[in-house]
Amino acid sequence: MATRSKSSQRWLKEHFSDPFVKKAQAEGMRSRAAYKLEELLERDRLLKPHMVVVDLGAAPGGWSQQVRRQIGDTGRVLALDILDMPPLAGVEFLHGDFREETVLSQFEAMLGDQPVDLVLSDMAPNKSGVGAVDQPRMMHLAELALDFADNHLKTGGAFLIKLFQGEGFDDYVRDMRRRYDKVSIRKPEASRKRSPEVYALGQGKRAHMK
(Lines of atoms letter the chains of each structure in order from A and count residues from 1; the text may use other names and numbers.)
(Lines give C-alpha, C1' and ligand atoms only; values in the text may rest on other atoms or scores of the structure.)
Protein backbone atom coordinates (compact mmCIF):
# COMPACT_ATOMS: atom_id res chain seq x y z
CA MET A 1 0.00 0.00 0.00
CA ALA A 2 2.88 2.35 0.81
CA THR A 3 4.35 1.72 -2.63
CA ARG A 4 1.06 2.58 -4.28
CA SER A 5 0.81 5.74 -2.20
CA LYS A 6 4.31 6.83 -3.20
CA SER A 7 3.53 6.03 -6.83
CA SER A 8 0.32 8.08 -6.67
CA GLN A 9 2.11 10.99 -5.05
CA ARG A 10 4.80 10.88 -7.72
CA TRP A 11 2.19 10.85 -10.49
CA LEU A 12 0.32 13.79 -8.96
CA LYS A 13 3.51 15.79 -8.56
CA GLU A 14 4.53 15.07 -12.15
CA HIS A 15 1.03 15.82 -13.44
CA PHE A 16 0.68 19.24 -11.82
CA SER A 17 4.23 20.30 -12.72
CA ASP A 18 3.74 19.17 -16.34
CA PRO A 19 4.06 22.21 -18.66
CA PHE A 20 1.40 20.82 -21.00
CA VAL A 21 -1.07 20.41 -18.13
CA LYS A 22 -0.42 24.02 -17.13
CA LYS A 23 -0.78 25.16 -20.74
CA ALA A 24 -4.09 23.29 -21.12
CA GLN A 25 -5.43 24.92 -17.95
CA ALA A 26 -4.29 28.38 -19.06
CA GLU A 27 -5.76 28.04 -22.56
CA GLY A 28 -9.01 26.35 -21.57
CA MET A 29 -8.22 23.08 -23.32
CA ARG A 30 -9.88 19.96 -21.97
CA SER A 31 -6.74 17.82 -21.90
CA ARG A 32 -2.99 17.94 -22.40
CA ALA A 33 -3.54 15.47 -25.27
CA ALA A 34 -4.62 18.46 -27.37
CA TYR A 35 -0.95 19.46 -27.65
CA LYS A 36 0.10 16.03 -28.87
CA LEU A 37 -2.42 16.41 -31.66
CA GLU A 38 -1.40 20.01 -32.34
CA GLU A 39 2.19 18.93 -33.02
CA LEU A 40 1.11 15.98 -35.18
CA LEU A 41 -1.32 18.04 -37.24
CA GLU A 42 1.14 20.87 -37.84
CA ARG A 43 4.11 18.63 -38.64
CA ASP A 44 2.28 16.88 -41.45
CA ARG A 45 -0.09 19.72 -42.38
CA LEU A 46 -3.06 17.42 -42.05
CA LEU A 47 -5.81 20.01 -41.71
CA LYS A 48 -7.28 22.26 -44.37
CA PRO A 49 -10.39 24.43 -44.34
CA HIS A 50 -13.72 22.69 -45.01
CA MET A 51 -12.45 19.24 -44.03
CA VAL A 52 -14.69 16.63 -42.42
CA VAL A 53 -12.89 15.10 -39.42
CA VAL A 54 -14.02 12.18 -37.26
CA ASP A 55 -12.62 11.82 -33.72
CA LEU A 56 -12.99 8.30 -32.24
CA GLY A 57 -12.77 8.00 -28.46
CA ALA A 58 -13.17 11.74 -28.24
CA ALA A 59 -13.90 12.29 -24.52
CA PRO A 60 -13.02 14.53 -22.75
CA GLY A 61 -12.73 16.48 -25.99
CA GLY A 62 -9.17 17.81 -26.23
CA TRP A 63 -8.59 16.49 -29.74
CA SER A 64 -11.94 17.70 -31.10
CA GLN A 65 -11.28 21.08 -29.48
CA GLN A 66 -7.87 21.29 -31.16
CA VAL A 67 -9.27 20.37 -34.59
CA ARG A 68 -12.05 22.93 -34.32
CA ARG A 69 -9.54 25.57 -33.22
CA GLN A 70 -7.37 24.89 -36.28
CA ILE A 71 -10.05 24.73 -38.98
CA GLY A 72 -11.99 27.66 -37.58
CA ASP A 73 -15.64 27.94 -38.57
CA THR A 74 -15.28 25.78 -41.67
CA GLY A 75 -15.72 22.04 -42.10
CA ARG A 76 -17.17 19.56 -39.62
CA VAL A 77 -15.88 17.80 -36.52
CA LEU A 78 -17.80 14.64 -35.60
CA ALA A 79 -16.85 13.11 -32.25
CA LEU A 80 -17.80 9.65 -31.00
CA ASP A 81 -17.26 8.04 -27.61
CA ILE A 82 -18.76 5.36 -25.41
CA LEU A 83 -18.23 7.87 -22.56
CA ASP A 84 -20.34 10.99 -22.34
CA MET A 85 -18.76 14.34 -23.12
CA PRO A 86 -19.93 17.87 -22.29
CA PRO A 87 -20.86 19.89 -25.40
CA LEU A 88 -18.15 21.67 -27.37
CA ALA A 89 -18.90 24.57 -29.70
CA GLY A 90 -18.68 23.47 -33.32
CA VAL A 91 -18.37 19.76 -32.49
CA GLU A 92 -21.12 17.25 -33.26
CA PHE A 93 -21.00 14.57 -30.57
CA LEU A 94 -22.50 11.08 -30.72
CA HIS A 95 -22.58 9.20 -27.41
CA GLY A 96 -22.37 5.46 -27.98
CA ASP A 97 -20.36 2.45 -29.10
CA PHE A 98 -19.69 2.58 -32.85
CA ARG A 99 -19.52 -1.23 -32.93
CA GLU A 100 -23.30 -1.23 -32.46
CA GLU A 101 -25.39 -1.01 -35.62
CA THR A 102 -27.79 1.54 -34.15
CA VAL A 103 -24.93 3.89 -33.22
CA LEU A 104 -23.23 3.41 -36.58
CA SER A 105 -26.52 4.18 -38.34
CA GLN A 106 -26.86 7.36 -36.29
CA PHE A 107 -23.34 8.37 -37.26
CA GLU A 108 -23.99 7.73 -40.95
CA ALA A 109 -27.19 9.77 -40.74
CA MET A 110 -25.23 12.64 -39.14
CA LEU A 111 -22.57 12.41 -41.83
CA GLY A 112 -25.00 12.34 -44.72
CA ASP A 113 -23.28 12.00 -48.07
CA GLN A 114 -20.18 13.98 -47.07
CA PRO A 115 -16.81 12.23 -47.51
CA VAL A 116 -14.57 11.92 -44.43
CA ASP A 117 -11.14 13.50 -44.94
CA LEU A 118 -9.45 12.52 -41.68
CA VAL A 119 -10.11 9.87 -39.02
CA LEU A 120 -8.48 10.34 -35.61
CA SER A 121 -8.30 7.78 -32.82
CA ASP A 122 -6.90 8.45 -29.36
CA MET A 123 -8.75 5.46 -27.94
CA ALA A 124 -7.12 3.49 -25.15
CA PRO A 125 -8.39 0.86 -22.70
CA ASN A 126 -8.67 1.42 -18.98
CA LYS A 127 -5.19 0.38 -17.86
CA SER A 128 -4.75 -2.53 -15.49
CA GLY A 129 -1.00 -1.98 -15.25
CA VAL A 130 -0.43 -5.49 -16.61
CA GLY A 131 1.11 -5.31 -20.08
CA ALA A 132 -0.11 -8.77 -21.06
CA VAL A 133 -3.66 -7.55 -20.46
CA ASP A 134 -3.44 -3.94 -21.63
CA GLN A 135 -1.63 -4.53 -24.92
CA PRO A 136 -4.20 -6.94 -26.44
CA ARG A 137 -7.00 -4.59 -25.37
CA MET A 138 -5.23 -1.67 -27.01
CA MET A 139 -4.65 -3.59 -30.24
CA HIS A 140 -8.32 -4.63 -30.30
CA LEU A 141 -9.38 -0.97 -30.15
CA ALA A 142 -6.83 -0.16 -32.85
CA GLU A 143 -8.31 -2.85 -35.11
CA LEU A 144 -11.77 -1.38 -34.61
CA ALA A 145 -10.51 2.08 -35.57
CA LEU A 146 -8.74 0.72 -38.66
CA ASP A 147 -11.92 -1.06 -39.73
CA PHE A 148 -13.89 2.16 -39.19
CA ALA A 149 -11.45 4.04 -41.44
CA ASP A 150 -11.67 1.27 -44.05
CA ASN A 151 -15.42 1.80 -44.23
CA HIS A 152 -15.79 5.56 -43.82
CA LEU A 153 -12.59 7.36 -44.86
CA LYS A 154 -12.47 8.62 -48.42
CA THR A 155 -9.84 7.46 -50.91
CA GLY A 156 -6.83 9.73 -50.45
CA GLY A 157 -7.78 10.51 -46.85
CA ALA A 158 -5.63 10.25 -43.72
CA PHE A 159 -5.82 8.15 -40.55
CA LEU A 160 -4.03 9.03 -37.29
CA ILE A 161 -4.09 6.62 -34.36
CA LYS A 162 -2.52 6.16 -30.94
CA LEU A 163 -0.80 2.80 -30.46
CA PHE A 164 1.19 1.14 -27.69
CA GLN A 165 4.47 -0.40 -28.75
CA GLY A 166 4.46 -4.10 -27.95
CA GLU A 167 2.96 -7.34 -29.21
CA GLY A 168 0.90 -6.82 -32.35
CA PHE A 169 2.33 -3.36 -33.09
CA ASP A 170 4.53 -4.37 -36.05
CA ASP A 171 1.76 -6.43 -37.66
CA TYR A 172 -0.64 -3.52 -37.29
CA VAL A 173 1.75 -1.09 -38.97
CA ARG A 174 2.19 -3.60 -41.80
CA ASP A 175 -1.59 -3.69 -42.21
CA MET A 176 -1.62 0.09 -42.42
CA ARG A 177 1.05 0.02 -45.13
CA ARG A 178 -1.25 -2.16 -47.23
CA ARG A 179 -3.93 0.50 -47.01
CA TYR A 180 -2.06 3.82 -47.22
CA ASP A 181 0.53 5.25 -49.60
CA LYS A 182 2.63 6.57 -46.71
CA VAL A 183 2.80 5.45 -43.07
CA SER A 184 4.82 7.32 -40.43
CA ILE A 185 5.38 6.69 -36.72
CA ARG A 186 5.47 9.77 -34.49
CA LYS A 187 6.24 10.47 -30.81
CA PRO A 188 5.12 14.02 -30.03
CA GLU A 189 6.90 16.10 -27.41
CA ALA A 190 3.82 16.11 -25.18
CA SER A 191 3.94 12.30 -24.91
CA ARG A 192 5.58 11.30 -21.66
CA LYS A 193 8.97 9.77 -22.35
CA ARG A 194 8.34 6.57 -20.39
CA SER A 195 4.98 5.97 -22.08
CA PRO A 196 4.81 3.17 -24.68
CA GLU A 197 2.45 5.29 -26.77
CA VAL A 198 3.30 6.40 -30.28
CA TYR A 199 1.11 7.66 -33.11
CA ALA A 200 0.81 6.00 -36.49
CA LEU A 201 -0.18 8.19 -39.42
CA GLY A 202 -1.47 6.78 -42.68
CA GLN A 203 -1.71 9.23 -45.58
CA GLY A 204 -3.21 8.64 -48.99
CA LYS A 205 -5.77 5.91 -48.40
CA ARG A 206 -5.73 3.51 -51.30
CA ALA A 207 -8.87 2.58 -53.21
CA HIS A 208 -7.78 -1.05 -52.92
CA MET A 209 -5.54 -2.76 -50.36
CA LYS A 210 -2.26 -4.25 -51.50
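Any Cβ shown, glycine's included, is placed from N, Cα and C.
The candidate list Asp44, Asp81, Asp134 contains one residue that Swiss-Prot assigns to the S-adenosyl-L-methionine site with Gly61, Trp63, Asp97, Asp122, namely Asp81.
Reduced to three states, the DSSP call for Asp122 (S-adenosyl-L-methionine binding site) is coil.
Across the region 'Disordered' (187-210), the DSSP tally of helix, strand and coil residues reads 0 helix, 9 strand, 15 coil. Annotation for Asp122 (S-adenosyl-L-methionine binding site): same-chain Cβ neighbours under 8 Å, separated by at least 6 residues, are Ala33, Leu37, Asp55, Leu56, Gly57, Ala58, Trp63, Lys162. Neighbour count (other Cβ atoms within 10 Å of the Cβ, all protein chains): 12 for Asp97 (S-adenosyl-L-methionine binding site).
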